[in-house]
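One structure below.
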Amino acid sequence: MEFASHMDRALHQARLAAGRGEVPVGAVLIAPDGSVLSEAGNRTRESCDPTAHAEILAIREACALLGQERLAGHDLYVTLEPCPMCAAAISFARIRRLYYGAADPKSGGVAHGARVFTHPQCHHAPEVYDGLAEAESAALLRAFFEARRG
Ligand SMILES: [Zn+2]
């Protein structure tokens, strides 16, 4: 199942991020032909960069690879509901479909908070599919934050 495997890949990136001491979020960008164009996990601590979220890194890499600023026809898989910054970047990049895992009532910007794609200033909204591998995505985050508290 192509569907599941992309989310598995995003989860793998999230686990790698956890291994680096980063918040475990992973993202995979899929080209219109179904191939993986780029993949990334959070690197905010390593890069000393508050914008180094998985989605931003995957979008940057894909755009650099293609030499273009937009990714029309491309799909993004993320383990967690994107924050407002990433949702805006997804809109700017003209991503076709967004698939995400766990909902993020605290910091999400798609179904919560700013709800970027429903804002009148949003010029492009992707099709959104949520709840993919939700349990695994949420469990990773929970384990990470519990370990940090402990
Ligand atoms: Zn983000």
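Just so you know, glycine gets a Cβ as well, placed from its N, Cα and C.
Nobody curates TrEMBL annotations by hand; they come from automatic prediction.
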Would you identify which residue of His53, His119, His123 TrEMBL lists as part of the Zn(2+) site it also attributes to Cys83, Cys86?
His53
What is the three-state DSSP composition of the domain 'CMP/dCMP-type deaminase' (1-111), stated as helix, strand and coil residue counts?
44 helix, 23 strand, 44 coil
What's the most sparsely packed of the binding-site residues Cys83, Cys86, counting other C-beta atoms within 10 A?
Cys83
Tell me the Cβ neighbour count for Glu55 (active site, proton donor), meaning other Cβ atoms within 10 Å of its Cβ, over all protein chains shown.
28
